[in-house]
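Please read the structure below before turning to the comments.
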Amino acid sequence: KRLSAFFSSLFPITTFVPLFQWSPEEELILTKLTFIGCGASLCALVVTLMLFTVLDIPKSDRTSIHKNLFVALICAQVILLCSGSAIHSKVACTLVAALLHLFFMAAFSWMLVEGLLLWSKVVAVNLSEDHHMKYYYLIGWGLPVLIVTITLASASGKYSADDYCWLSVQNGIIWGFVGPVIFIIMVSNLFIF
């Protein structure tokens, strides 16, 4: 029931809701697949971060951006894997939802920063390269903290959903994630074209 409610929140259009009504056996299979997929992803992220840290890779803005992206994704994956144990406590569930919101927003923000870096290297080659990293950190970590803080403040106690530890769809809090992600994707596409 939790997985079907979670996926229904991702696709709130009523035509998709019947697609996500699973039997207990199907939900058990989906839960196992989620753990296997997240576990494999987490292992790959940890190995990649270790390689970036241990190997003698030249220090650059690009390497720092990738490390921060990996850290955000690792944190999000760990919290996602542990989120099932927080479902019975509203405070814990809200905390898990806020942390998931923060780290997934940070992942998208770091991808935006990667786009900015590529744009500055290819299109705006005349820009000074001095001290860009402080702005990148502000976008990569500061923007998600600001978005989560504003979303939490505006939620008035109804930040997480009732059946799962993610943003509530009933009162529109999910737009605190979906809206910025759509904006980031649109801006990133502007850098590509």
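Placed from the backbone N, Cα and C atoms, the Cβ positions cover glycine too.
All TrEMBL annotations are machine predictions without curation.
The annotation domain 'G-protein coupled receptors family 2 profile 2' is assigned in TrEMBL to 30-193.
TrEMBL lists 32-57 (among others) with the feature transmembrane segment. Listed as Cβ neighbours of the transmembrane segment (32-57) (distance under 8 Å, sequence separation of 6 or more from its ends, same chain) are residues 3, 63, 66-67, 70-71, 73-74, 77-78, 80-81.
What TrEMBL records for 69-87 (among others) is transmembrane segment.
Sequence annotations record features per position, and here TrEMBL assigns transmembrane segment to 99-123 (among others). Long-range contacts of the transmembrane segment (99-123) within the same chain: residues 61-62, 65-66, 68-69, 72-73, 75-76, 79-80, 83, 129, 132, 136, 139-141, 143-145, 147-148, 151, 165-167, 176-177, 180-181, 184-185, 187-188, 191-192, each at least 6 residues beyond the stretch ends and with a Cβ under 8 Å from a Cβ of the stretch.
Taken from TrEMBL, the feature transmembrane segment applies to 135-153 (among others).
The transmembrane segment annotation in TrEMBL covers 173-192 (among others).
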Averaged over the domain 'G-protein coupled receptors family 2 profile 2' (30-193), the pLDDT of the predicted model comes to 88
